[in-house]
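Student: Look at TrEMBL and you will find 75-177 tagged as domain 'FAD-binding FR-type'. What TrEMBL records for ARG126, TYR128, LEU143, LYS145, MET152, SER153 is FAD binding site.
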Amino acid sequence: MMAEREEDDDTEEAWLQLRPMEPLPSQCCGSGCSPCVFDLYHRDLARWEAARASKDRSLLRGPESQSCPSKLNPETFVAFCISAMDRLTKDTYRVRFALPGNSQLGLQPGQHLILRGIVDDLEIQRAYTPISPANAEGYFEVLIKCYQMGLMSRYVESWRVGDTAFWRGPFGDFFYKPNQYGELLMLAAGTGLAPMVPILQSITDNENDETFVTLVGCFKTFESIYLKTFLQEQARFWNVRTFFVLSQESSSEQLPWSYQEKTRFGHLGQDLIKELVSCCRRKPFALVCGSAEFTKDIARCLLCAGLTEDSYFLF
């Protein structure tokens, strides 16, 4: 009887049932992560082919993981519990996730994570950058903008405190080192502000880091500016300046006085980029994050302003 069961387990149909499923396009976040969900699929497929060829199912398990189940892993999604959820604007949330004890997430400032969601039985994945300090203990926070027709947005808007969400990571190729650059020129549109936040805070938290920072946040309206209190606090440091560009407002009269002199209207274009580069106090290294169109346009403007391709990083 045992021999018959082993023989059944080695049939072609049994092996085909164990074959890894190829991910759907919606399961790729499109941010260039390594390993990508498709990298993991091809790894598992090669493992399955080797196991089938040798008729050894133990090869499907791969190496045993030694990491704690609550520790981040770039290859495996890990569950984290939502401990707080604040609505910052009509379509943007700041969500806090609990970490066990006083543990830290283990990201470098500016690195991102991949969130997995399931809507209508369709798995989707998107990249988000934590905005909490890199050394935050017992929690991490992310900034998530929801879109009217977005699948991930439907998933996020269904969250309640106490729910769990699944993340993997970290990912990202920019690693900030104190005093590595004379000045950082941070150019962010909307939630592209997210990777700038932990980098900026790591600079102002380190009294030995004398890097100058010029941060430019591009938003539609004054009301849509994220993290106003945090940005105001950061702008009080001797080495930090903040500016704003509002695309759907045209007058500073309605703005608080503290914003009137540091706010421009319209779009962040070539002339303003040149002005920002020229008024940097030291040779700048630019960090750019926003939509694909924003990032492409700003990269072109930076080159026209005299920066070289190794003088900026596009998130």
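Think of each number as a place in line: the chain as shown, counted from 1.
A Cβ is built for glycine as well, from the same backbone N, Cα and C atoms used for every other residue.
Small disclaimer: the values here were computed from a predicted structure and weren't measured.
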Student: I need the neighbours of the FAD site defined by ARG126, TYR128, LEU143, LYS145, MET152, SER153. Which other residues of that chain put their C-beta within 8 angstroms of the C-beta centroid, in sequence order?
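Tutor: Near the FAD site, beyond ARG126, TYR128, LEU143, LYS145, MET152, SER153, sit LEU115, VAL142, ILE144, CYS146, GLY150, VAL156, THR191.
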Student: Just to be sure I understand, if DSSP states are collapsed into helix, strand and coil, how many residues of the domain 'FAD-binding FR-type' (75-177) fall in each?
Tutor: 7 helix, 50 strand, 46 coil
Student: Minimum Cβ neighbour count within 10 Å among the binding-site residues ARG126, LYS145: which residue?
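Tutor: Least crowded of the binding-site residues ARG126, LYS145, by Cβ count within 10 Å, is LYS145.
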Student: Just jot down the residues in the same chain as MET152 (FAD binding site), at least 6 apart in sequence, with C-beta under 8 A of its C-beta; none if empty.
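Tutor: MET152 (FAD binding site) has long-range Cβ partners LEU115, GLY117, VAL119, ILE124, ARG126.
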